[in-house]
Protein chains: 4
Amino acid sequence: MKKMKRIGILTSGGDASGMNAAVRSIARSAISAGLEAYGINYGFAGLVAGNIRRLESKDMDGIIDRGGTILYSARFPEFAEEKTQLKGIEQLKKFGIDALVVIGGDGSYHGAERLTQHGFNSIGVPGTIDNDIPGTDFTVGFDTAVNVALDALDRINDTATSHQRTFVVEVMGRGAGDIALWAGIGADADAIVIPEREYDVKEIAEHLKRNYENGKEHGLIVLAEGVMSAADFKEQLDQYGDFDSRAITLGHVQRGGRPTAKDRVLASMFGDYAVRLLLEGKGGLAIGIRDNKLVATDIIDTLENHKHITDVSLLDLNDRLRF
Amino acid sequence: MKKMKRIGILTSGGDASGMNAAVRSIARSAISAGLEAYGINYGFAGLVAGNIRRLESKDMDGIIDRGGTILYSARFPEFAEEKTQLKGIEQLKKFGIDALVVIGGDGSYHGAERLTQHGFNSIGVPGTIDNDIPGTDFTVGFDTAVNVALDALDRINDTATSHQRTFVVEVMGRGAGDIALWAGIGADADAIVIPEREYDVKEIAEHLKRNYENGKEHGLIVLAEGVMSAADFKEQLDQYGDFDSRAITLGHVQRGGRPTAKDRVLASMFGDYAVRLLLEGKGGLAIGIRDNKLVATDIIDTLENHKHITDVSLLDLNDRLRF
Amino acid sequence: MKKMKRIGILTSGGDASGMNAAVRSIARSAISAGLEAYGINYGFAGLVAGNIRRLESKDMDGIIDRGGTILYSARFPEFAEEKTQLKGIEQLKKFGIDALVVIGGDGSYHGAERLTQHGFNSIGVPGTIDNDIPGTDFTVGFDTAVNVALDALDRINDTATSHQRTFVVEVMGRGAGDIALWAGIGADADAIVIPEREYDVKEIAEHLKRNYENGKEHGLIVLAEGVMSAADFKEQLDQYGDFDSRAITLGHVQRGGRPTAKDRVLASMFGDYAVRLLLEGKGGLAIGIRDNKLVATDIIDTLENHKHITDVSLLDLNDRLRF
Amino acid sequence: MKKMKRIGILTSGGDASGMNAAVRSIARSAISAGLEAYGINYGFAGLVAGNIRRLESKDMDGIIDRGGTILYSARFPEFAEEKTQLKGIEQLKKFGIDALVVIGGDGSYHGAERLTQHGFNSIGVPGTIDNDIPGTDFTVGFDTAVNVALDALDRINDTATSHQRTFVVEVMGRGAGDIALWAGIGADADAIVIPEREYDVKEIAEHLKRNYENGKEHGLIVLAEGVMSAADFKEQLDQYGDFDSRAITLGHVQRGGRPTAKDRVLASMFGDYAVRLLLEGKGGLAIGIRDNKLVATDIIDTLENHKHITDVSLLDLNDRLRF
């Protein structure tokens, strides 16, 4: 096998806090090993356009604490087409890049998978707030998003308590309930509603009524966006009682901001692991952490035969711990 | 004049961070002066219902850093009626309370004004995130709300920059543009849209277009809720160009949470000043800070003849400082 | 075996954020299962003194987001004596308490172990910022402490960069380097110095010199308190070069404050798991999370035959990722 | 008078959060008015060395939320000498710079004053966490520092309450007690000790004793660094009672970090005001805010005949509001 010399890095899909920590980790780990690192701007769109620049160690200074991605991201549905993929590989070869590390979510992984299938060595690092990537227990950005949501829920609890209100708060997560579960448990939610399990509005309403009667005159329902909108859920809830309810959608604030320690450390471990695997001549892999250990699985198999499993036992835990 | 012995305290209207600091200040300042402090739960509703309790200095321990209000708040439109007001005064007399300090916004002030007109000595302390109370440059809760909004805007800027998007972010403020102005200047907004001045969507769109051409490929428009909804503004904006725009409503998260230093100090000064005025035999006043000095103005005159003036010169400042 | 009816809860040792979340979890999980929960104030001192109170579900409202411990803690070296331990068991029996859950660190675990050896069913829940408890990968309070330290390090990096200085920052951890490792990696430290591995000041100084020459004119050394004081380390460093160095000890600020999502969820899982094990008739256990799974190990064996292993591979990771 | 074309900007002295917001404001306001902006790196040292670069509007993107200073700062005692000052003016002329805006504290102002006395138009913008600059009620960086200190004090209160301890916490402020006063009032301190007023350790100890007897079994003393060290104060306190006391020095963490809304808005107003005054042909001024209004005073007169007055009435306020 040809000796590895240059590693390309791109971020793709929705931004997640810790992406910069992952970029830094890949670049610095590569440079430490005597390789060169190249940053590809604007995700797969920039790849195809050849928007590529050398990354020096100094460029990685002062970015680990920044949200967003210094490599930018962009929507690029055209990358589903084979000829566009081949054009991307052409650009990589033009820059002498031997392997590519893609940081992103589901769609980004599919891009990396395609390149691998065309014979270009690509590795996926899971970076999304939704935690919905197969092959890993946790993604980079999830912990920050949960903490941002929790911070908002703590504030909302202040108002709920002061005004004896019930808030229905919609959090992100696309099709997954992970953010809702973690933020909901952390915020002492009365109910957490996620796509992975049936919900019963009437039961929730009765639980709230009992609470109001027993001295907890405020309520919090944390709703995953994959179920329905906060406004729709509130409408359903209101049919079973008057809780002076309010619907809130937290929205994009969950994406950005200073990454937490866990997201920075996870991103650092993932990025470095990807580089070390490439140095061992491996590739076509999806990086992850499973049972608290770094793992790398075949990216094609991972995407085609596995899916993220949300830990729904957390719902039962919440039912035991709520008021 | 009869010697003052007992001071009542209530919070009313939307909760604002720093209300607890104000409650503590009034209670502790009163107790320091040899008076007794009584807390009235659930605002004017609790007043009329006689939901009143003695506050000891120890009860004020550990509350200065808490959002919301430990005295709770409640909607109570019935307090517009004279007979309900008189019923409230009856309760105050039953508990031997000589004067009342009301912490809240516009509506709360009107309640205090009514009681004063019926001869019951009442003082208003401005507590609202909206900063829209006459008789003061700043209200308790405004600084916290601005900082919470700014924290969200900083996060949104991360995503906007990463994705070359323009965000339209609706912040609170009822009819006033103060939160929008402060948070917008702090977040390097491209435009701030407030009820106090006409806006020109086309001009804003052209400014954004120039930015995208000149290398700032992201945008931020901070919109005061008093103008229109973020979704409506986005619709208008989209007619003048494609900025990959997104509409966000920050909502209730702006209300609660740990109060800032400024809100705690302001609340401490206001509450203590109210007590000292009462000790001097004064009353029927609205407390405030003007030109960095504590002031107390006649509450009836203040409400009837004055209104809050938003500093629209900040809009011009922002126009000079934006990209 | 006699049917379990009442569970006692105490917090002991240094406070850690998330202890209240653990108290809530144990109490609420017990109440959900039809048991009664009793809180013991002031740790083992309060146990022996019989400072014990019934905890209702409502008492657990509004505490999950609070640092410190609502059950208080206290030093109580006298609990090393057998007769004091037996006195504690006497009090537990007097209150009809069938089992005790102790939240705390090393010393607290030893107390629980003693009680178990005397035949009183006790379970340990790991609660300490130091992460130094055997039988678990993570303790409640560690994630919050790391994030607080990281927040401080981010600020310090601002000043270091502005002034071209090198900061030596001492973080907590008693004999363990875990906080230093996680916070150091998260803050892009130039060196992390921990008790688990030899350090070489000269090598660190030479690394810093190279950095200053190569364009990174600031430095950050994160030092675990178990090695030496920041002032002493700075003195050693200054012998090898002039880095305009400053020594900082972060100190007690790392203990308190709003717990992170991870600490709240971990505390919730631990507390509930302890109760469910007690319901199954088990006891004398140390709760933990290992390889991302809840585990319970014999508390006597855990304390006598195992010790916490810090993941020193993180040091090597940092060496690959630093400038 | 010659038409103004180029404005130079430098930051000097200890860094303060909001300095970047001030740099941005000066540069953007100048550019908006058709002028050119030049940044001088490393304070007066860089001025003399000619380390000067053109600042474009785009360079000011993404810096308003960053602590520290993108223009760097440096100690440079040599600037006290006239020949060094004249060398600085030579460099400014070489770059065609017509006026200089200096952001910093006391020492920086003296540099600006010297240049003005040599006939080079200079304006001072107050940027220091200490709030100790004459000619203004508030400096840029003060509000952020107070909030950072307050955040730490809130955490410390958690531990103090949990362990029934008294903490002596030393905050920054050089010779001024402003940070101690604001943070102390905000944190419900039992005593605030500042250089501007005599303190009585015995009285403080007796107050704490009364508290412990009356049910507040924890204490907080906020100490300005200008009085003595926390360790020394603790030693004095311990002579009058056993409060299980601990001494903490918050240190450099108070300097950096994301600036608050107030510091960003204040910096924006100051910087823009400086530029507008220069455009009107004015100079040799110190910018400030007094009684909530922007002011500009003669920089020579301000430095020679005025000094910062700390509002010691806040001490009396705290005495009325403490437990």
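Backbone N, Cα and C atoms are what each Cβ position is placed from, and that goes for glycine too.
Bear in mind that the values here come from a model prediction, so they are computed numbers and not experimental data.
Same-chain residues at least 6 positions away in sequence with a Cβ under 8 Å from that of D:ASP130 (active site, proton acceptor) are, in sequence order, D:GLY105, D:THR139, D:PHE142, D:MET172, D:GLY173, D:ARG174, D:GLY175, D:ALA176, D:ASP178, D:ILE179. Residues or ranges marked as active site, proton acceptor in TrEMBL: D:ASP130.
In sequence order, D:SER73, D:GLY105, D:THR128, D:ILE129, D:ARG255 make up the list of same-chain residues 6 or more apart from D:GLY14 (ATP binding site) whose Cβ falls under 8 Å from its Cβ. Here TrEMBL flags D:GLY14, D:ARG75, D:PHE76, D:GLY105, D:ASP106, D:GLY107, D:SER108 as ATP binding site.
In the shown protein chains, 29 other C-beta atoms lie within 10 A of the C-beta of D:ARG24 (ADP binding site). Per TrEMBL, ADP binding site is recorded for D:ARG24, D:SER25, D:ILE26, D:ALA27, D:ARG28, D:LYS216, D:GLU217, D:HIS218.
Per TrEMBL, the feature Mg(2+) binding site maps to D:ASP106. Cβ neighbours within 10 Å of D:ASP106 (ATP binding site), excluding its own Cβ and spanning all shown chains: 19. According to its DSSP assignment, D:ASP106 (ATP binding site) is helical.
Per TrEMBL, substrate binding site is recorded for D:THR128, D:ILE129, D:ASP130, D:ARG165, D:MET172, D:GLY173, D:ARG174, D:GLU225, D:ARG246, D:HIS252, D:VAL253, D:GLN254, D:ARG255. Counted within 10 Å of its Cβ, the other Cβ atoms near D:ARG255 (substrate binding site) come to 25, all protein chains included.
Per TrEMBL, the feature domain 'Phosphofructokinase' maps to D:6-278.
In three-state terms derived from DSSP, D:ARG246 (substrate binding site) belongs to an extended strand segment. Of the binding-site residues D:ARG28, D:ARG174, D:ARG28 has the largest number of other Cβ atoms within 10 Å of its own Cβ. Counting only same-chain residues six or more apart in sequence, the Cβ atoms lying under 8 angstroms from the Cβ of D:ALA27 (ADP binding site) belong to D:ILE9, D:ALA37, D:GLY39, D:LEU55, D:SER57, D:ASP59, D:MET60. Separating the Cα atoms of D:ARG246 (substrate binding site) and D:GLY107 (ATP binding site) is a whole-number distance of 34 Å. Within the same chain, residues at least six positions away from D:HIS218 (ADP binding site) with a Cβ under 8 Å of its Cβ are D:ASN157, D:ALA160, D:THR161, D:HIS163, D:GLN164, D:ARG165, D:THR166. Chain B comes close to D:ARG24, D:SER25, D:ARG28, D:LYS216, taken from the binding-site residues D:ARG24, D:SER25, D:ILE26, D:ARG28, D:GLY107, D:LYS216 by a C-beta to C-beta distance under 8 angstroms. The maximal spread of the ATP binding site, taken as the longest Cα to Cα distance among D:GLY14, D:ARG75, D:PHE76, D:GLY105, D:ASP106, D:GLY107, D:SER108, is 14 Å. When the binding-site residues D:PHE76, D:ASP106, D:GLY107, D:SER108, D:VAL253 are ranked by how far their Cα is from the Cα of D:GLU217 (ADP binding site), D:VAL253 comes first. Proximity to chain C (Cβ-Cβ under 8 A) holds for D:ARG246 out of the recorded positions D:THR128, D:ASP130, D:ARG246. Each residue contributes its Cα atom, and for D:SER108 (ATP binding site) and D:SER25 (ADP binding site) those atoms are 19 Å apart. Taking D:ARG24, D:SER25, D:VAL253 as the binding-site residues under consideration, the smallest Cα distance to D:ARG75 (ATP binding site) is found for D:VAL253. Within the same chain, residues at least 6 positions away in sequence whose Cβ sits under 8 Å from that of D:LYS216 (ADP binding site) are D:PHE323. Listed in chain order, the extra residues whose Cβ falls within 8 Å of the Cβ center of the ATP site residues D:GLY14, D:ARG75, D:PHE76, D:GLY105, D:ASP106, D:GLY107, D:SER108 are D:SER12, D:GLY13, D:GLY43, D:SER73, D:GLY104, D:GLY111.
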